[in-house]
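Single-structure report; data block below.
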2 protein chains.
Amino acid sequence: MVLGERGGWDKNESRYCGVETEYGADMPNLLSFNISSASFDFILAPLMDPTYRPSLMEENKAASCVPPFAGSDLVLSPSQWSSHVVGKISSWIDLDSEDETLRKDSETTLKQEIAWATHLSVQACLLPSPKGTSCANYARCVNQILQGTSNIQLWLRIPLVKTDDDSMDLSADHLDDSWELWNSFRLLCEHHSQLSVALDVLSSLPSANSLGRWFGESVRAAIIHTDSFLTNARGYPCLSKRHQKLINGFFNHSIQIVISGKPVHKLPKACMDSAANQVINNNKNAQHPLGSYLEYVGYLYQKMDPLPEQERFELGYRDVLQSPLQPLMDNLEAQTYETFEKDTMKYIQYQRAICKALLDRVPDEEASTFDIVLMVVGAGRGPLVRASLQAAEETGRKLKVYAVEKNPNAVVTLHSLVKLEGWENVVTIVSCDMRHWDAPEKADILVSELLGSFGDNELSPECLDGAQRFLKQDGISIPSSYTSFIQPLTASKIHNDVKSHKDVAHFETAYVVKLHNVARLAPSQPVFTFTHPDHSTMKSNQRYKKLKFKMPSDTGSAIVHGFAGYFDATLYKDVHLGIEPSTTTPNMFSWFTIFFPLRTPICIRPDSPLEVHFWRCCGSNKVWYEWCVASPCPSPIHNSNGRSYWVGL
Amino acid sequence: MVLGERGGWDKNESRYCGVETEYGADMPNLLSFNISSASFDFILAPLMDPTYRPSLMEENKAASCVPPFAGSDLVLSPSQWSSHVVGKISSWIDLDSEDETLRKDSETTLKQEIAWATHLSVQACLLPSPKGTSCANYARCVNQILQGTSNIQLWLRIPLVKTDDDSMDLSADHLDDSWELWNSFRLLCEHHSQLSVALDVLSSLPSANSLGRWFGESVRAAIIHTDSFLTNARGYPCLSKRHQKLINGFFNHSIQIVISGKPVHKLPKACMDSAANQVINNNKNAQHPLGSYLEYVGYLYQKMDPLPEQERFELGYRDVLQSPLQPLMDNLEAQTYETFEKDTMKYIQYQRAICKALLDRVPDEEASTFDIVLMVVGAGRGPLVRASLQAAEETGRKLKVYAVEKNPNAVVTLHSLVKLEGWENVVTIVSCDMRHWDAPEKADILVSELLGSFGDNELSPECLDGAQRFLKQDGISIPSSYTSFIQPLTASKIHNDVKSHKDVAHFETAYVVKLHNVARLAPSQPVFTFTHPDHSTMKSNQRYKKLKFKMPSDTGSAIVHGFAGYFDATLYKDVHLGIEPSTTTPNMFSWFTIFFPLRTPICIRPDSPLEVHFWRCCGSNKVWYEWCVASPCPSPIHNSNGRSYWVGL
């Protein structure tokens with residue numbers, strides 16, 4: 001039984017809720033709750049007797065070849081094992097103990113349990129938390145399992161703990177920040193994609209910044225202990241506001257909730273009987289002892305805001321890497337034009353900007369006599385032509401429009417649009433690359449939309465340098481400027497997807513991606529700015545920027561997998577357009593974020609700022625970016641000479 | 001003219017000595033000194049007018065396409081350019097300046113000069129020191145040159161500076177340790193093999209530990225300033241003891257000396273005339289103004305101790321990576337036996353150990369009656385059989401020898417040896433793998449030499465486990481134990497050789513190598529120990545060791561490319577044999593060091609110890625090592641499941 005339905009979002013893993021059980025629990029009975037209304041979807045079940053120790057077996061010399069497994073694989077059906085059980089590895093194991101016997105017992109048992117779980121076709125196993133601050137031998141053993149042939153998912157149990165920096169004693173050997181433990185473990189296991197985290201949620205929570213880091217990590221489950229629940233006025237379990245917010249975050253990031261522990265809330269008998277869903281089910285046993293906790297989690301799930309339509313539409317794009325468009329080298333396809341033209345918000349902003357420019361350009365008294373020459377460069381299938389004409393109508397200005405477009409396929413549509421709309425006397429269509437067009441007259445206003453997710457990355461600067469030839473000395477360019485921004489990210493999933501190509505080139509390529517399972521570690525900062533028109537004599541489109549990012553001091557350490565890139569454009573005066581998170585234009589969907597990866601993820605601490613360098617380089621037939629981290633530890637310079645990724649001129 | 005000849009060592013680059021010149025120096029004349037006796041082999045010459053600035057050219061609009069080069073390429077012959085000139089890039093360039101014009105001028109000039117140097121076929125160019133503590137833009141530009149098609153060697157000039165930790169102000173932005181600058185630069189340039197260091201040697205020197213780091217780096221030249229020289233009693237230049245020691249180190253590591261600066265020693269006229277080499281040359285101009293400095297460097301070169309014969313023989317093996325032998329899986333070839341049998345010192349130690357064991361085993365009074373059963377397991381072509389029989393003769397003990405050998409080719413030689421030496425009544429040859437031999441009686445003494453560079457890495461433990469079956473309960477194994485050792489290294493050249501394979505597997509393989517251009521960063525520490533015989537019931541040949549290395553506090557930071565591995569074996573009681581540097585058996589050459597690489601080099605600081613984990617893992621048909629760094633920053637676990645490197649059983 002799932003927690004609920006959420007409009008259109010039926011593939012979210014987090015609608016399944018699990019329960020942690022002890023060894024010897026009656027699994028068939030537990031799973032039979034499934035047919036009742038309030039029931040768990042899966043159980044976290046130990047697979048082996050917790051008193052078993054290989055060394056004791058050998059000492060007893062008793063049947064040492066037959067491990068004392070929990071029972072037979074016949075207890076459940078194969079589909080139940082694989083769909084409703086997560087194997088729980090014995091929690092006593094401690095591969096980094098000083099006690100060699102315990103260490104060896106732990107290794108033997110871990111491998112036996114994983115083998116048994118694999119035999120059962122269990123999809124995932126929960127690994128107990130590392131016991132101390134050191135975990136190298138544990139990680140070595142887990143890594144051997146991961147590098148083997150098994151496809152099993154391993155969830156490392158990590159308590160959600162971070163003490164404040166103020167109280168942190170650097171010399172002490174206790175656990176200050178459980179993220180550090182996870183980070184060591186996963187670095188030792190080389191960011192293996194089958195290794196994830198199951199977070200133990202306790203009654204006290206670290207700061208929001210510290211919690212935020214986990215949304216960029218591969219977290220599969222959050223185990224909530226019954227003693228983390230509060231009691232509401234009617235005696236039912238509930239969670240603090242901060243816990244609720246966290247759980248909502250888990251739901252949004254496809255993290256499954258697991259309830260663990262003994263019931264600590266004594267429900268009033270009357271309430272239980274009167275519960276609506278109990279009326280139709282007379283079987284007394286149907287309510288699981290932890291049912292009220294499950295019901296509360298289900299309540300939280302159901303009261304989430306439904307996803308907006310655009311978000312639902314974009315679900316399939318979350319964290320999926322796409323190559324950026326190269327509209328200068330390649331001609332866009334009809335479908336691409338179609339998608340972009342639907343972005344109403346973008347054209348509303350353009351129309352507002354054009355209106356203001358028209359009013360500034362021609363005073364009211366000359367409105368009927370002055371013919372403004374407006375050129376749309378990169379007219380595509382005409383949306384900016386339409387916005388321009390609507391702006392002219394709105395302001396009562398007279399326009400003469402040139403629509404310049406290099407894609408001959410789009411020009412076909414443009415011609416039919418002009419006929420259809422009766423624009424023949426106003427709009428001249430020019431089928432030509434703006435960089436080479438020999439214009440018959442100069443323009444008052446140049447309108448273009450050549451921006452990529454990173455602003456200049458579709459070569460708007462180079463194109464407008466060419467078009468500037470036919471703009472009057474005092475003419476207006478819309479946009480008048482644009483700036484790119486970057487921000488350091490934790491992005492485990494994206495990192496693993498880039499890594500799966502097993503080459504350097506993919507780590508030196510920028511990707512367009514709808515970011516979702518990421519942690520944004522510091523506010524974004526501006527990188528490169530271009531202004532149009534630019535009449536300076538020694539102009540260059542090369543750029544170089546050094547940036548220093550500092551994480552909030554309560555975050556703790558974090559890992560940086562790369563950088564999110566955004567842009568913000570000033571169309572005209574106060575009319576802007578952009579995707580930079582703090583100033584983003586709402587309800588606009590033409591641009592996803594751009595992502596610049598790092599070949600080797602870099603660990604940063606709040607006290608040591610991240611120094612990043614970005615270059616925009618220009619060659620005779622291409623433009624490319626290079627980037628590196630200079631501090632706390634220098635990375636190689638990425639994409640030297642544009643060897644892996646470039647944009648063709 | 002070279003500095004001198006050193007027995008057999010005529011390929012050492014460091015016998016060439018250079019001189020740094022100013023722009024406009026008369027290069028043909030300077031090089032004509034070459035025909036005289038005391039002359040420099042090459043010149044470090046600026047290639048471009050130091051007053052040139054691209055931005056000034058553009059402002060003047062004067063012939064901006066023709067850079068004002070030093071002169072024509074016809075000044076010297078092509079072979080002179082390529083053999084006797086190192087191009088000196090203009091020292092004013094500063095790519096990390098806050099001044100954008102200077103930054104752009106620097107980039108343009110650097111690229112023009114490298115292009116000109118490439119045109120001249122100059123083999124190397126000297127890059128000026130980075131000006132501040134930041135060098136990312138400089139490194140980006142140099143990296144673009146390196147990643148391009150040019151084969152030119154680039155020497156980054158680095159002053160040999162390190163202030164003491166005590167006086168170090170962490171918040172200050174000045175240069176504490178020039179190694180850090182080099183480290184950042186080369187990390188940004190991805191350890192490029194064409195990028196090296198030219199060290200500026202000043203009058204004061206950092207500590208020996210700090211200097212030692214450089215011998216693991218790619219240092220090509222050491223530039224000694226005339227004002228670093230002292231004056232001897234006769235008025236001639238000389239160097240301090242510490243400088244002399246450093247220069248000897250440079251000679252030993254093929255680092256070329258360059259003299260720089262104005263002559264600051266006024267030589268007594270009489271002395272100059274009477275100098276032996278001046279008598280035969282009457283040309284007054286033949287003595288270069290810096291000739292006396294060159295003569296002193298030549299004097300230091302010539303007074304070096306000649307290389308011992310064994311060292312000369314091994315010159316060709318320096319820093320060359322070899323795969324370790326797999327004598328268990330593969331049969332050794334005659335040539336390999338031949339080489340090892342020449343290692344007299346090894347057999348002297350074995351004979352000493354066997355003598356002591358024989359004396360302990362049989363008291364004098366039973367010497368003539370007691371037949372000691374001695375088995376040589378892995379007899380090869382018989383050297384240990386000979387050592388055993390000589391020990392018996394030396395001690396007056398009676399022996400019955402079994403020579404067990406699995407390689408049928410070696411057994412052929414053994415048979416003929418037995419006949420040749422008349423050992424028929426004493427020695428029984430057994431053509432069999434010791435792990436499977438069904439021995440007719442049990443042995444008093446088991447003699448073996450199955451050790452690899454890392455002790456157990458040729459599977460001595462597994463072989464002796466098999467042989468132990470036919471050792472008497474109180475029998476003696478020679479060796480009785482062996483221990484492996486590791487030590488962290490800076491080893492740029494080796495790292496680059498491993499990297500050149502462009503795969504992970506080569507970074508997860510151990511190599512046998514005669515280490516030379518390396519820096520040993522901390523004393524070695526023991527890793528795994530095996531003792532024979534081992535009668536415990538639950539024995540295992542798996543091992544796990546955690547090690548913490550701490551660098552001497554005056555070293556500064558350093559980079560770790562991997563670990564040198566050694567062994568020390570106790571043959572019997574106080575007779576040992578090994579290659580661990582602090583206890584190494586002298587004049588023994590059977591074993592080079594073993595080297596375990598790190599996939600990503602790790603920077604360490606004296607205040608943060610290096611924590612390393614090593615595992616010896618055993619499978620059903622192979623044995624392998626896994627290793628990782630856990631601190632200061634976790635590395636991936638190398639060679640998981642022996643996926644890249646293993647030893648077959």
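Just so you know, glycine gets a Cβ as well, placed from its N, Cα and C.
Automatic, uncurated: that is what TrEMBL annotation is.
Around B:Glu449 (active site, proton donor/acceptor), the same-chain residues six or more apart in sequence whose CB sits under 8 Å from its CB are B:Lys346, B:Tyr350, B:Gly378, B:Leu384, listed in sequence order. Look at TrEMBL and you will find B:Glu449 (among others) tagged as active site, proton donor/acceptor.
Counting Cβ atoms from all protein chains shown, B:Glu458 (active site, proton donor/acceptor) has 22 others lying within 10 Å of its own Cβ. TrEMBL lists B:Glu458 (among others) with the feature active site, proton donor/acceptor.
Secondary structure from DSSP puts B:Met434 (S-adenosyl-L-methionine binding site) in coil. What TrEMBL lists as S-adenosyl-L-methionine binding site is B:Tyr337, B:Lys346, B:Tyr347, B:Glu405, B:Asp433, B:Met434.
If you look up TrEMBL, you'll see B:40-303 marked as domain 'PRMT5 TIM barrel'.
The domain 'PRMT5 arginine-N-methyltransferase' annotation in TrEMBL covers B:309-478.
The domain 'PRMT5 oligomerisation' annotation in TrEMBL covers B:481-647. When averaged over the domain 'PRMT5 oligomerisation' (B:481-647), pLDDT in the model lands at 96.
Under the DSSP three-state reduction, B:Phe340 (site 'Critical for specifying symmetric addition of methyl groups') is assigned to helix. Positions annotated as site 'Critical for specifying symmetric addition of methyl groups' by TrEMBL: B:Phe340.
The binding-site residues in question are B:Glu405, B:Asp433, and the one with the fewest Cβ neighbours inside 10 Å is B:Asp433. Annotation note: B:Glu449 (active site, proton donor/acceptor) sits in a coil segment as assigned by DSSP. Most buried of the recorded positions B:Tyr337, B:Phe340, B:Lys346, judged by other Cβ atoms within 10 Å, is B:Lys346.
Taking CA atoms as the reference points, B:Tyr337 (S-adenosyl-L-methionine binding site) and B:Glu458 (active site, proton donor/acceptor) are 16 Å apart. In this structure the alpha carbons, written CA, of B:Met434 (S-adenosyl-L-methionine binding site) and B:Glu458 (active site, proton donor/acceptor) are 14 Å apart. The Cβ of B:Tyr347 (S-adenosyl-L-methionine binding site) lies under 8 Å from the Cβ of B:Pro383, B:Leu384, B:Arg386, B:Ala387, each of which sits 6+ residues away along the same chain.
Taking only the Cα positions, the spacing between B:Glu405 (S-adenosyl-L-methionine binding site) and B:Phe340 (site 'Critical for specifying symmetric addition of methyl groups') is 16 angstrom. Reported as a whole number, the C-alpha separation between B:Glu458 (active site, proton donor/acceptor) and B:Phe340 (site 'Critical for specifying symmetric addition of methyl groups') equals 15 Å. The Cβ of B:Met434 (S-adenosyl-L-methionine binding site) has 26 other Cβ atoms within 10 Å, all protein chains considered. Each residue contributes its Cα atom, and for B:Phe340 (site 'Critical for specifying symmetric addition of methyl groups') and B:Asp433 (S-adenosyl-L-methionine binding site) those atoms are 21 Å apart.
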